[in-house]
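The structure appears below as structure tokens.
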Protein chains: 2
Amino acid sequence: MTTSEIAPLRLGIAGLGTVGIGVVKIVQRHADLIAARSGRPIVITAVSARDRSKNRDADLSAYAWEDDPVALAQRGDVDVFVEVMGGHDGPAKAATEAAIAAGKDVVTANKALLAHHGQALAEAAEAHGRVIRFEAAVAGGIPVIKALTEGLAGNRISRVMGVMNGTCNYILTRMQAAGLPYETVFEEARQLGYLEADPNLDVGGIDAGHKLSLLAAIAFGTRVSFDKVELEGIGNVSIEDINLADDMGYHIKLLGVAQMSGRGLEQRMTPCLVPAESPLGQLQGGTNMVVLEGDSVGQIVLRGPGAGEGPTASAVMGDAIDLARGCRVPTFGIPAAQLAQPVAARAATPAPYYLRVTLLDKPGALAKIATCLGEAGISIDQMRQINQPGEEDDDAIVLLVTHKASPADVADAMARFAGTGVMVGTPVAIRIEEV
Amino acid sequence: MTTSEIAPLRLGIAGLGTVGIGVVKIVQRHADLIAARSGRPIVITAVSARDRSKNRDADLSAYAWEDDPVALAQRGDVDVFVEVMGGHDGPAKAATEAAIAAGKDVVTANKALLAHHGQALAEAAEAHGRVIRFEAAVAGGIPVIKALTEGLAGNRISRVMGVMNGTCNYILTRMQAAGLPYETVFEEARQLGYLEADPNLDVGGIDAGHKLSLLAAIAFGTRVSFDKVELEGIGNVSIEDINLADDMGYHIKLLGVAQMSGRGLEQRMTPCLVPAESPLGQLQGGTNMVVLEGDSVGQIVLRGPGAGEGPTASAVMGDAIDLARGCRVPTFGIPAAQLAQPVAARAATPAPYYLRVTLLDKPGALAKIATCLGEAGISIDQMRQINQPGEEDDDAIVLLVTHKASPADVADAMARFAGTGVMVGTPVAIRIEEV
């Protein structure tokens, strides 16, 4: 029996934007290759999108058309519902639920949907003996869901980190390379079409936070808890701090960290300093990177394109081929009912901090700052005074790198700074993640 | 029904060296975690090694003992034969064949066995409805076999590259960091226990060549062809070239490249220059890195520990958990009978070359070299003369970076150099791989 005689796996594709069309192109271009690898053909039987009349970069004439993705999801000639519409409510959610209820497996690129409704959807899928696969939802073409759920399944995972929003990394690395302020580069990115319709999804860290919450669920066997992710975007990262951090051997990244310790589960998506010579520190432009740490394997670093037609469609097809091969892994790696309710850590793991304070050029000003740190229980690893040539030469910029401190102690020190009477403006504190 | 009520997957472990004991430790330490992830318990029922009396760092008392790995492979209470003995013939081969004949799946860390006998073993496994999984055989803990065989299965792969022998990368980066010659660092590595009993497996590129041949088979759907790998070890890499290349922005790596083009299949494991600031160029010490390039996904870079108890055992367990979950992918990604006999490329893809020539300090010497290059059809991208302070100040070292040239043209130029009468010693030519 040749593979062409075996029943094909039939995809219904909901959403014909960049990713959906990318999937169509791969299925058409590599039909034979995919059939050989899957052991059976993978075909598209039906598609759905809002506007049928729109001109699209692929021949869709062989596929049935549905205006309604729910109708697509329920078709008898669809085995796998491919959800590449986006949006965490509305049609994407309704159609995914309908697909599961109709006994279909789901392949989705929708991080927002899973971040908000992952537990309920996973439970529903399992109740119907189906799975949801979502490689395309996290870090684009990088097979990180597979690496974490399958490749490292023999490990207790201790930490997952990553740069998972290419637009933010583009903005930060472009600011540094060109010496431009945030606002200017943000505007460049907007004009280049790099930003979501709601830019806060990117620069506010929300999109990357969605991804982090999915990785955390798999890594630690816990229910997706996007609402417990500490989120801080890049809008307050200044070119001044980028440059000063660079001088001290660090780069600033919008870094996601999910970590399980005796404190509980920490999930942070915040600007952090990382050593400039580390893999994360060296990451330029829109590329993504995910770091996985397990008790046996040590540290694995995965790097690749985090978005775009080809990479995202590649991830969708990887999932479809798994299903065609009969590889069916539970949505978050273990049965949904066994996922634990995570105990959110009350405080983040202590870390060194980068502090920038501007002081009035008064005798004893620096001593007052040092005293505040001491009173907050924070010891100083490095201190450097920057003498800026300029008009306001009464002010002195002081950079400090602390030894490990808790966020609460840092907040305490910042409050004490305010009472010294020597501060100019607001001090800056940025966590230095040890990578 | 809880997972503990489902039939366990029973492993028989042949080989109780570092890797075998690492597997035992993971199975013992993470029994519950693995059962939750696999949907069923994974247990060890029997083990085998040469010397039962040897003191080992794990409690083996619960497992049946077999002196003969073939007997282990044939036990009725073993579902998966875990081959972590090593060696490409002898007991490892006999026991693997016996396991397949007895209807067992095989998980192996044995790159040499598969590089030499992969096709026959894969065919035998498929004839018995079994699979051979070998994540641990390539790049230790990095889940690269999974990424290539499954995650990127929707791509036509164009090139696979990698630094896949940690000992060689340790030696090369240590030479550079300490400014020491090869012989000194080789001896250090030997004393640190980094070298195989036959060091040529490491420094001759054979071990890394085995790994490359396995990646190439998956990437291009071709039969494993280790005998077609162009192999050159690191024994001739001089500290002088490491330093001079560094000055020009390159690092020297033992780089594996498998590439499919209109020329056919190229497989090379040779010292190459790569840009110092590239991920491959930045790789320090014993860490491994594999780069996968596909038509949709673009470039994916995977980095992690390439050897050691924990990482290698992690890879073995990932395979075992796949089997417990029912994920059964053909050994090389497609059925063995469909693997094509590769057409080896008659010539490597053209690349820039680094050339180092030492010339007598005679008028017109440099012009003669440039003429030779022109006659060989090679154009010059950069040229630099190094004036070395020293005793033999009649000689001049000239470094050249060429534009893309074929290896045959480079060989032609080198032959022409010999006829100029201005050469001192033997010129050096090293390929610059574009990464």
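Cβ coordinates come from backbone N, Cα and C, glycine included.
Per TrEMBL, the feature active site, proton donor maps to A:Lys211. The NADPH binding site annotation in TrEMBL covers A:Lys111. Among the features that TrEMBL reports, L-homoserine binding site is placed at A:Glu196. Taken from TrEMBL, the feature domain 'ACT' covers A:354-431.
Listed in sequence order, A:Lys111, A:Ala115, A:Ala137, A:Val138, A:Ala139, A:Gly162, A:Met164, A:Asn165, A:Gly256 are the same-chain residues six or more apart from A:Lys211 (active site, proton donor) with CB atoms under 8 A from its CB.
The number of other CB atoms found within 10 A of the CB of A:Glu196 (L-homoserine binding site), across every protein chain shown, is 15.
According to its DSSP assignment, the residue listed as 'NADPH binding site' is helical. Taking all protein chains in view, 27 other C-beta atoms sit within 10 angstroms of the C-beta of the residue listed as 'NADPH binding site'. In the three-state DSSP scheme, the residue listed as 'active site, proton donor' is classed as helix.
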